[in-house]
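Undergrad: Please read through the structure below; I'll follow up with questions.
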């Protein structure tokens, strides 16, 4: 009786293995209660994994590693493996076996080993113990290159081992460690199912029932290429249970033998038990075949191999460990290798030995071993009879002598790994022993209780002493270093030596006694005693006879020996003579034939942007054609609107500017007018009777162009539709000039030359600008470097330009005024001494000298002379009135005629001249007595020293100018204490380094928030890159990819992490609603939300650069992967590749186009090329719709990115980690935007204001609620319904309509200005409608929470305050109770021209502010070094005008205009004196960061005092 615990274990094993019932017969259950598993599990019920496939080898002797853990011993600790192979195993073939062992017994031994052990599978991560071939090796290095290295990849090991010296590395056995027929049925259930036919209990056969079917992809047969022919693939390889069962036809024949024997047993069982099903038949046949196999291997082959009989079987020993030892692997395989002959005979049952053809006319007596490795469709083994003849031939052939010699077929021509077709079997076995950490020969003897030899000569007396001497020399005469494998070979002669014999016998005994399913174990219930006896009497000869039907007399009784008198002796002991030569080693170039295709593929990918550019160019051409058609229609409609004598043409303004349509009118008064398409006069040319007019006609390019050269003017270049149109215009011009004395001179030249000779407006302006600078340099002693230099071009056109004179229009433009202004008329009349209607440069210089260097008396006299219109030496009231009127014209006519008369009277009365009707120059100068210092412009100096720019209009620091207030009687009062408002002047730094430093400081100052955000974002991206780069470079678990493509994987994975982050968080820059909300929070102080679009572009550009680097990294990876062997690729990509021995890696095109990451990567590059090209500024200008449509490919982009990373080729998908949160936010933001309906908004009013500003007033939707200072996005239906642009609202929340002031600075705003030109009929019906989206942005809403608020606007940053000021005035006029009692509004701007459009808004604020709630100051920072004559010459008038009328001459406003920068610190300090009872003052600034920083700094300095606290809120534009 079994113990209770053992019964329990047996029952557990039965449940786990699954008892099988009868398949459908009427017999009693035919299967035993337990069927042996295929994978070796649960053979031992206590130690379930013992002997299972994948279990580790069990050492007999402690491991011998270099580090005691896993590092193999290598040179120089041990000799070179190839040298050892040459020294120990080299020799001639042809010596017969000492005991006449047959070749059949030899290859049966190999078959048994394939059933027991398989450690050839390379391990992962890949580690190499390469074999370095000595220079000049006759086989592997015949060219004496000295760089030949045969790769040897270490075998697969148990990952739980190799951790410490107490747990060294152990290899794993890939097959079951039991003698259970796994070489016949496979080592797993799935493998066995693939081999079965599931019909009649048989194994599946091919077209010929005597052969199994060919190997299939689902069956992991080893498919190494034929080293002789290079042929590969599964075709011609049979499906066996042993993975390497097709290595040689001789091993293949034994596999076929057992295949046929199983099917024979199944047929017999089916005849005996016709009611059994397939499973019963298969399992009973398998059981019988395994038992027969065990019997032959242990009781027939092993004694013949060892010349020892194993001990009698004493029953199953459950505590016996049958695990295969690495020492057994080395001993058995290496000893068998000494017996392999160079060829194998084939014969029939009549003892006829076959001949085989070879090169030439001769024949070969045998199959050459070296040329039959992994051979496909062997012509000598086509039929079952051929297989039988091979088996009979092996039974008659005597193997090689069991000694140290290994024939060259193995030693020099063994199938090689990777790129090499051949390798050294012995050297590979030596490396394999070192890989397994085998002990030395002496250590193994001592561990097994055997006596080690004392010296080299005592090792084996039968070995040639020269061999021992050579071996000893390689080991430095140290016998203790001799390795187990070589020592075992040297001790063997005729039989295995004592070491190998003990190891092999011990292994087989443990396998038998520890196997619960051993056929002699009567307790397992597999066989009865009679069946066991029958099996014990079955021999391999019986199996051969049964499956081949040969005459038993054709075989000796024991086919493992050939004795004298046995049938069919071999013709001779085979040598290499008479056999075909072994095919030499070849080196495979994996990339051969792929270079051109790989290059073309990369070139095609690089051409994606080029193709996208071509597409964009085609789209742009179509858009330009449409634009030309529109222009053509416009010209046709323009013809109908122009006068009858108008001639349509295109004016060419210059070489880098686009031509535009004009209409040229020739008027009877000999004037020529050029009008634009809106009939606005662009230019008027007065043809004087005495002028010589030159007309140059083009003689090429259709003869459509003409050049009109008028003296003292820049040239006019016109391009007509045809030569006929041009000739018609020439005729009209000739008719106009017929009465002129000089007449019209006409010439012809080539069009290119004509355009080159033309003096354009831009050229004229450039020459005049430089000349003006030279004049000022002479007048003001300005440094020549600051003034600029004259052009060095001495061509005729430059000389003509320098000698020309200024027209009235050019003179007005130089002053920044209109030609029809009275001031221009007076000044021009005064300067034009010769009265020819032009001012020469000398005449201009005379005026300039007085203004710049003259004394106050000279300047007042010049002004007096200017307005002494009748020249009588007196300035009448009427002339004084005219002078004041000219000033008022400059200031936008802010005063009526009556108001101006009142001002003149008050000025006369204030000076004591109320009774005079005329003023002498002395009276006039007395009237300007208070402005003597202002008239001293002689202090204008830009040399940079004391008295430089900082002295312009210099005021005493002690002077304080108040915000002037008006009393009900219109008298001016100055409340005390007063505010300090004088402008601060800055000195210019002239040094190059100082200027660069200042520029850098200003840049950092202006973009500090941007820099911080970009730095943080870049740091995160760099950190992600560094993390992945470090991980794959140093810290990743060994996967071989970092060893295979170190640079490529670092670049590709590092950039992939950064790109994933960038493409994820770039979505946040497009969440407008979220940005609008966050701008109203404290985060706006730290994050420049207004720069979201710029940040979007920056991220996109950085991402595409990294994408290119990522692609380059993968280009390197693809090349390296294409030249790496399959064994290495299996380690790198275990989920993609299976190492089946085929060696050849996938080609480059597989990586590019047949993998998900490759194909999606190519598509991603294509999408990116399209999106980025169409998003360029140039193309957006030509076709915004194309940009908009292609940018919607971002949906495809993200889909491809997700698919690209989901394949997990290198690592698990990680894009979702970055993408999920931004995507949810972005989708939510989009849903909010989609919830707003697009309503067409009608435009109510349009005004074209100066400085290119367009005023739009449009309907306000009923549900539109906003705060003053917010902005909206509008789309003009005529310019595209999807193209939105943001603008700040300048209307107040209480107004019924919305308004915008849009400055034309880009293509869209320019086109908008053209489209909204005032219609002819004066109605708004023809105005295109708008789409409105918003409001967005932050409103400065806390101004009303302070009793005193200061609003500071810089440049265009004043626009939010326009809405706030109007809102403020409305609330105050409505009597709304507000905490705020006083508003100070300061606007800092470069030049007065920038605020012309805002004057009406500020004037409205001033007129409606009944309680003087708002005080306005304007600071103009542009100084006279810019040579703005108007700023210089009108300064005196501004101060006097402000004093007399309490209005600015420049703006017509009560606000004071200053020149320079506001003194924020002094102003805020004085504000505390004006409002001593106020304890908290709000400061709101909006503009460039430099200005808001100065305000912030001033507030911080003032807040250090124990007085009023200034709370600063700012917003940067």
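Heads up, the Cβ atoms here are built off N, Cα and C, so glycines get one too.
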Undergrad: Out of 1080-1100, 1101-1121, 1122-1142, which range is noted as transmembrane segment by Swiss-Prot?
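TA: Per Swiss-Prot, the stretch marked transmembrane segment is 1101-1121.
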Undergrad: 868, 870, 872 bind Ca(2+) 2 according to Swiss-Prot; which of 878, 879 goes with them?
TA: 879
Undergrad: Going by Swiss-Prot, point out which residue in 100, 1446 is annotated as N-linked glycosylation site.
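TA: Per Swiss-Prot, the residue annotated as N-linked glycosylation site is 100.
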Undergrad: Compute the C-alpha separation of residue 872 (Ca(2+) 2 binding site) from residue 124 (disulfide bond), stating it in Å without decimals.
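TA: Here the two Cα atoms lie 111 Å apart.
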Undergrad: Quick one: among the recorded positions 100, 348, 872, which has the most Cβ atoms sitting within 10 Å of its own Cβ?
TA: 348
Undergrad: When the pLDDT values for the domain 'Ferric oxidoreductase' (1053-1235) are averaged, what is the result?
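TA: So the average pLDDT across the domain 'Ferric oxidoreductase' (1053-1235) works out to 87.
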Undergrad: Roughly how many Å lie between the Cα atoms of residue 455 (N-linked glycosylation site) and residue 870 (Ca(2+) 2 binding site), rounded to a whole value?
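TA: On Cα coordinates alone, these residues lie 139 Å apart.
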Undergrad: For a three-state summary based on DSSP, what are the helix, strand and coil counts in the topological domain 'Extracellular' (1122-1154)?
TA: 14 helix, 0 strand, 19 coil
Undergrad: When you measure from the Cβ of residue 879 (Ca(2+) 2 binding site), how many other Cβ atoms are you left with inside 10 Å?
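TA: A count of 20.
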Undergrad: Residues with Cβ closer than 8 Å to the Cβ of residue 870 (Ca(2+) 2 binding site), same chain and 6+ apart in sequence?
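TA: The list for residue 870 (Ca(2+) 2 binding site) reads 879, given in order along the sequence.
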Undergrad: Please identify, from the recorded positions 455, 868, 1131, the residue with the sparsest Cβ neighbourhood, meaning fewest other Cβ atoms within 10 angstroms.
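TA: It is 455 that, of the recorded positions 455, 868, 1131, has the fewest other Cβ atoms within 10 Å.
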Undergrad: How many Å separate the Cα atoms of residue 124 (disulfide bond) and residue 348 (N-linked glycosylation site)?
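TA: On Cα coordinates alone, these residues lie 47 Å apart.
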Undergrad: Helix, strand or coil at residue 868 (Ca(2+) 2 binding site), per DSSP?
TA: coil
Undergrad: Can you tell which of the recorded positions 100, 537, 868 lies nearest to residue 1131 (disulfide bond) in space, using Cα positions?
TA: 100
